[in-house]
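For reference, the structure is listed below as structure tokens.
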Amino acid sequence: MKKKKIGLLVMAYGTPESLDDVEAYYTHIRHGRKPSEEALEDLIGRYKAIGGISPLAKITKEQAHKLTDSMNNIFTEYEFTCYLGLKHTAPFIEDAVEEMKRNGIEQTISIVLAPHYSTFSIKAYNDRAIRLSKEIGGPVIESIEQWYDEPKFISYWADQIKETFTEIDDKEKAVVIFSAHSLPEKIIAAGDPYVEQLKHTADLIAEAANIQNYTIGWQSAGNTPDPWIGPDVQDLTKDLYEEHGYESFIYCPVGFVAEHLEVLYDNDYECKVVTDELNAKYFRPNMPNAQSAFIDCLAEIVSKKVKEIVDKDLVLNNN
């Protein structure tokens, strides 16, 4: 029996693969407006501080291909083909959709490598893919909109936190800060669920890890005139120290799924500068990256969508 072909569109933010690519990447983020020399040098300096370039590009590719392999092992009746689509670097989301069209893919499942839904993130990615696919007569795209409460995602972070706490002597003097990328405050007034979803993720992980001292914070805010969601994790660290005298800070950037600039610089450098100033200890559990536990998590999420599509098709065919 011939296997049914299904596209697996894995979308992510993207990152420059060399320092020479930083300007084009930054310009794309700024909707075609080149950054000032000062802003460009600042960003390049951050990349240099983490070793020259972010590991994100390599990790994202590994996540996408391992997920595809896992799906092909789970569903022997389907043949999944991986298409990587990035927001700000090649291969762009549009490149992936056009390639699926050329390859004759008629049905696709899309997943964004970000757990929390926002109009700025997951919706924007899926809208770009679906809009172009409709324009060119490409595949029908079934989108996964969010997975912030996926049990295997929660258990991954709970296990990491439990492991981290084995390194801490005075656990009563430790606090966990769950964080995600800050976004403009205006999304809250518009009813965006992003903030509440992060809170829910934090509550679920805290319960699973059996921790009492935890809170949420925001990081990596953009440099724009509009106010962004706070508190920033660095300010939050200082406030928590002053109010509670915590001696150990465990940073869990659960809004991200891989090591990249925002984690390796904004957390591992900037937050550690703050904890060092406070004479407190800095901890940051391992990011999911392409670890088998996280790939299993992603495969579970996509598998649920496959079964949802199959059930929907059965209902339609029986009517």
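For all residues, glycine too, the Cβ spot is worked out from N, Cα and C.
Here Swiss-Prot has Tyr13, Arg30, Arg46, Tyr47, Ser54 binding Fe-coproporphyrin III, and the candidate from Tyr117, Tyr125, Tyr148, Tyr156 in that same listed site is Tyr125. Among the record's Fe-coproporphyrin III binders, Tyr13, Arg30, Arg46, Tyr47, Ser54, Tyr125, no two C-alpha atoms are more than 26 Å apart, and one pair sits at exactly that spread.
Closest to His181 (Fe(2+) binding site) in space, going by CA atoms and restricting to the binding-site residues Tyr13, Arg30, Arg46, Ser54, is Tyr13. The two recorded residues Tyr125 (Fe-coproporphyrin III binding site) and Glu262 (Fe(2+) binding site) have their Cα atoms spaced 20 Å from each other. In the three-state DSSP scheme, Tyr47 (Fe-coproporphyrin III binding site) is classed as helix. Residue environment of Tyr125 (Fe-coproporphyrin III binding site) contains 24 other Cβ atoms, counted within 10 Å of its Cβ in all protein chains. Across the structure, Glu262 (Fe(2+) binding site) and Tyr13 (Fe-coproporphyrin III binding site) are spaced 12 Å apart at their Cα atoms.
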